[in-house]
Amino acid sequence: MGPPRSKKRRPTFRRLLKTSGVKLENKLKNRQLKQQNVAKKQRKEQKKLRQAVKDAAIRTPRPLETYRKRPEEEEEDEFLETLPTDMMEDDDLQQMTAMARHASFITRDLSSCGPVHGEKKRSSEVVRSYEKVPRKMARTEEKEVIHLLPIKDKTGVIPQSVERVVKKPQEEEEEEEEEEAADESEELENEGALQGTAELTAEQREQLRAQKINQRKLMIAGLGSAIISDPFSNMKRVKELRGMLMESDPSVAVTVRKLVMVSLMEIFKDIAPTYRIRPLTTAEKAAKVKKETQRLREFEEGLVSQYKFYLEDLEQTIKDWKQKKRKRSQAVGFQSYRSLAEVAVRCLCELLLALPHFNFHNNIIVILVPLMNDPARKVSEMCCDAFRKLFQQDKLGGASLAAVRVVSGLVKSLNYNVRPEVLRTLLSLRIKEVEVKKDVEATAPTKKFMNNKEKKKNLSRMQRKWKKAEEKLEKELLEAEASESKEKKIKLHTETLNIVFLIYFRILKKAQKSVLLPAVLEGLANFAHLINLEFFDDLLNVLQSLIQSGDLTSRESLHCIQTVFTILSGQGDVLNIDPLTFYSQLYRMLLRLHAGAPNDDISIVLRCLDAMLTRRKKQVTLQRAMAFVKRLSTLSVHVLPNASVGILAANRATMHSFPKCDFLLDNEVQGSGFYLPELDEPEHCNAQNTALWELHTLQVHTHTHTHTHTHCRYTHTHCRFTTHTHTVGTQTHTHTAGSHTHTTQHTHTHTL
C-alpha cells in the first residue's frame, strides 16, 4: 500500500504572484520532505501494528496437550497410542486425567507460555489484552530543525539550531481554504442558496422571494429617506445604496437592481443643486475657509463623485446588454439584461430632462443619442421623446447645441443609415428670435422734476445725487445683462441651425433616395425662413429637380413646395423669382387628395396655400387665384368633413385676398371660352367662366359642421343662384356658359 494521495491543493495564481521564485522553490522542497516523512512514519506504524497482532496471537493460551513436546515424549506418546486401550482400566484412566488437570508448576513444561488458570479468567485476559493493542499508532508532532548562526568559543564552533513544530496537513489545508475564501465565497453562497431553494416547493420559494424583496425595499426606503432628510451628513449612505446595484441573490437580483436605479435617480434629482459644480483649484484647496464652507465643499465633492459612479453603472448595464455579456456571478440571466437596460435608459432620460444644468450632462447625451437609432423600439422611442422634450424646454440653447452636434456625428459615422425618427426630433428645436420684454417699471417714463413734497422726503442734495447715480448704474447693469443673454442665445441658435442645415444638405447631396429624405424635406420646410440667402438658388434648383424626377411621394412633394414658398415669403421676397412650376405642381396634386387619403397631407396643403396665395397676393395673377378657388371647391366635396372645413376656410381667405373672385358666385359668364377642369395649368383653364356650384352641395352636407360652416360663410355674400327654405325638396341647378352646361339635381330634405 503506497502513501496516501495528498489532498493539499496546488498554489493559486494569486499566491504565486505574492511569492518569489526562491521562496516558492524552498516551499515545494519542504513539502516533498514532509510527504516523505509522513510515508516513512506510516510504514513504521504498519510494521508495529503487524508485530503487535503477532504477539497477541502468540500470547493466546492453549491446552497443555497442544504445547510442543520434546522428541522423547513424542516417541513415548506414539508408543502409548499404539497400545490397546482395553489394557487400562477405566478407573486408572480417570485418575490420570484428573492428575493432568491439577499439574503443578514443577510438572509443567517450562517452554510453555502462560500460567494455568481458570478458563473464565483466561478468556477475559485475552480480550483485555487484545483491546489494548492500538488500532493506529499515536501521531507525534514532527519537528523541523532550523539552523541558526553558530557560536565560536575556545573549544571550537558550536552549531545552533531550533526545533519548529511542523503543522499537520489538515491545518495547512484549513489555512489555504481561509486564504481562498474571499474568492470562492460568492460562488459557494450561490450554490448553497440554489441547493437550499431546490429543496423547497414552488409556493415556498415564492414566499421566500417576497420576504427578501420586502427586506430590500425597507432597506432602500430607509437609506433614501435618510439621504433626502440630511444630504450633507448622509452622503455615505449613497455609496451604500449604490452598492445594492451589485445584488448577487439570483432570486431577487433583477428586482432589487431596478428599484435601486430608480431610487438613486429620484434622490439625485432632489439633492442636486441648481448650478454646475466645478473642481477646486490647488490654491482654493490650500486656503483656510469656514466650517460651513468646508462642509459644503465636501458635500459637493461627494455628490459629484457618487453621481459619476452612478452614471457609470447605468452605462455599464446598457453595455452588458448590447455586447451580450454574462456576469461572472450569474446572478442575472441574459434575458433579464434587456429589462435592466430599459430601466437604465429611462433613468438617463429622466436625468437628461431634470438636470440639464448639472455636471456630466454632455456625457448623458453621448450615451443616449446612439440609442435613438437602436433596433429595440421601446428604447428608441424613449430616447427620441426625451430629446424632443429637451429641445422644447431648452430656453438658452446650450443643451440643444450639444445634442445636435452628437446627432450630426452619428448620422455621418453611420453613412446616413439611421432611422427617420432621429432627424424628426430636430423639428422640436426652439430656434426663434425672442424679444426681450422689459419690466413695466423700467419702461415707465421718469420724471425730470420733483415737487416740494418729494424734495422734503430726501434728506440732502448729496443723497439725491447718490440715489440718481445708483438708479443709473442699476439700469445699465440690467440692460447689459439682457443684451448679453440675448446675444448669447442668438449665437447658440445660429450655430445649432448651421449644424442642422449641414445634416440636411449632406443628405440632399449624397443620399437623395434615402428613407431620410421625407424627414429632411419636412425639416427644411420648418426652418426654411431661417436659411441664409446664399443657399437659396442652389436649394431651389435641387428641390425643383426632385419634384420633376417623379420619385417623390405626394407628401414629400408637398414638403418641397412648402419649403420653396416659405423661403420666398420670408427673406427670399427680395429675389425676383416667379415659381410658376411649383404653382402648377400644387394645382396638379390637389386632385390626388380624396377621402381615402390621410388628412395629414391636408394640413400641409393649407400651409402651402397660405404661403402661395395669401402672403404673395401681390405676385399672383387673378386667373391663377380663381383657378385655385375653383379647384379647392371641387376638392372640398371629395374629402372628409374635417378636411372639408379647413379647405373652405382657406378658400374664404383667398377670396378675401382677391375680392374680384366673388363673381364666381354668379351664374353670369365673363370672357370667352369655357372652363377646362382637367387642365393642370391654372393660368389657362378659364376658371372665370364657371361657378362655385359645389357650395350648394356642401350646404346640404350630412356633417353638421360642414353645412353649418358653408351656410354661415356664404349665405351673406352675393350668391344669387340659391334659395333656402326650412324644407328643401327637389332642386335643379342649371348653369349655361357658352356651349358648356352643368346640370345637377339634388333630392333631399334638410332643415336649417
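Cβ coordinates are placed from backbone N, Cα and C, and glycine is handled just like the others.
Features of the protein shown, as given by TrEMBL:
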COILED    452-495  coiled coil
COMPBIAS  1-17  compositional bias 'Basic residues'
COMPBIAS  40-51  compositional bias 'Basic residues'
COMPBIAS  171-190  compositional bias 'Acidic residues'
COMPBIAS  731-742  compositional bias 'Low complexity'
COMPBIAS  743-752  compositional bias 'Basic residues'
DOMAIN    216-310  domain 'Nucleolar complex-associated protein 3 N-terminal'
DOMAIN    557-705  domain 'CCAAT-binding factor'
REGION    1-79  region 'Disordered'
REGION    162-193  region 'Disordered'
REGION    731-752  region 'Disordered'
> Mean pLDDT for the domain 'CCAAT-binding factor' (557-705), as a whole number?
Replying inline: 82
> So how many of the residues in the compositional bias 'Basic residues' (40-51) end up helix, strand or coil by DSSP?
Replying inline: 12 helix, 0 strand, 0 coil
> Reported in the order helix, strand, coil, what are the DSSP residue counts of the domain 'CCAAT-binding factor' (557-705)?
Replying inline: 97 helix, 0 strand, 52 coil
